[in-house]
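Below: one structure, written as structure tokens.
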């Protein structure tokens, strides 16, 4: 996607904002950079279809470290061997295979082809510090619809044995590994390319304010270049950040959910109400045990809202402030699809029937969260693009020295980041369907390679896994709010202080 010239002013060096370390500085960035893959593998293995979620031996540490009487193993070796067996450890060489590599590269290639071939909206981004605006091509929603229509057709023909679903379930850990490698490689690539950015360049390339501290690992994590782009033969110029923000990972998140739903159906012959995330569309052709509640609107609503509102990312912190480094690369390609789908993975092995009352409660939470999330963001987007629109013309605001307007009434008069409240409430509906999570699997002779699922002694043991998203997301949103507050305080100065006196609450009115 070419950079616009019509709106570009003469590119001049921009004055850099004072910017301190974030995320714990170089030490924090280092720990996060090498700790995140470990966390992803931990979630992938600890909630499994071999022994349980979590592995039962973890609930009895004394037994775990006590070898049998005739064993010549030391305690730690016995513990490692036991855990390896219980989590289905494939060995180091088994963490990756050719099938997964080819599948992932096909997925990224398909995403690029749909981006360039399907009709798209071409819009300009916000004005850069150095002047001018970049052009963006948006068709993520149409791309997703194309993909899911194809998957629906395949599922109608093949049912839960549709090749996409079986491929994902057969290679889950290997797919995780390949995406981790791509995330690291991409972060290294954009870091090295960022040193080509020169002050006063005519290509509208600029460094992120917080991404060139001089500390290699910290800058690699935060991202040195604000909007790195790459020219691919037969594809053209691709904005790496905006492309990775929604396509491979967000659409992949829903694909993982659907694959896990297919796995549950193949294993049990039905899909419980707790798993109703698009599954009626794709698997409804088969005979199902349908519960009173038809659909729990959850993760797919969030994803398709983001895809439909794709141009709105142009004014987010990710696009306007953060560089593209390991933080966004790993988050977009690995963390979002593989961690956010953990509840569906859990339910694929341990079906949970919620019942009408619990379904109604979760639907209410989801609907409330979505209403707050969408209403607040709509007000903000409309006000930014057309402040005279009748929907927002009555709202009061403070005008800053930079020309920006800060809303002080309506939704945005209740809290400075009220949209985060809706975002967090929606996260509840992803986790609550797992109830008091925890199960174990016991081999049975009824069928070959079959296991019985039970919750005996396991109820609640899986909560740290299936409810992790709620806690993590709360921390993420509070941390993001603090970062945004610091940025706005630097940018708006006294006007921001005045704004905070009028709009006192940060996220939750009356509480925080």
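Glycine residues also receive a Cβ, built from the backbone N, Cα and C atoms like all the rest.
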458-478, 479-499 - the range that Swiss-Prot marks as transmembrane segment: 458-478
Annotated stretch (transmembrane segment, per Swiss-Prot) among the listed ranges 303-323, 324-344: 324-344
Of the residue ranges 77-97, 140-160, 203-223, the one that Swiss-Prot records as transmembrane segment: 140-160
Within-chain partners of the transmembrane segment (172-192) [C-beta distance under 8 Å, separation at least 6 from its ends]: 37, 40-41, 44-45, 90, 94-97, 99-101, 103-104, 108, 219-221, 223-225, 228, 240, 244, 324-326, 329-330, 332-334, 337-338, 345
Nonlocal residues around residue 489 (NADP(+) binding site), in sequence order (Cβ under 8 Å, 6 or more apart): 496, 497
Tertiary contacts of the transmembrane segment (27-47), as residues 6+ beyond its ends and Cβ separation under 8 Å: 53-55, 58, 87-89, 172-173, 176, 180, 217-218, 220-222, 326-327, 330, 334-335, 338-339, 342, 345-346, 462, 465-466, 468
Top partner of the transmembrane segment (418-438) among 100-120, 353-373, 458-478 - counted as Cβ pairs under 8 Å: 353-373
Lowest local Cβ density among 380, 491, which the record lists as binding-site residues, within 10 Å: 491
Residue 407 (NADP(+) binding site): secondary structure state under DSSP, collapsed to three categories: strand
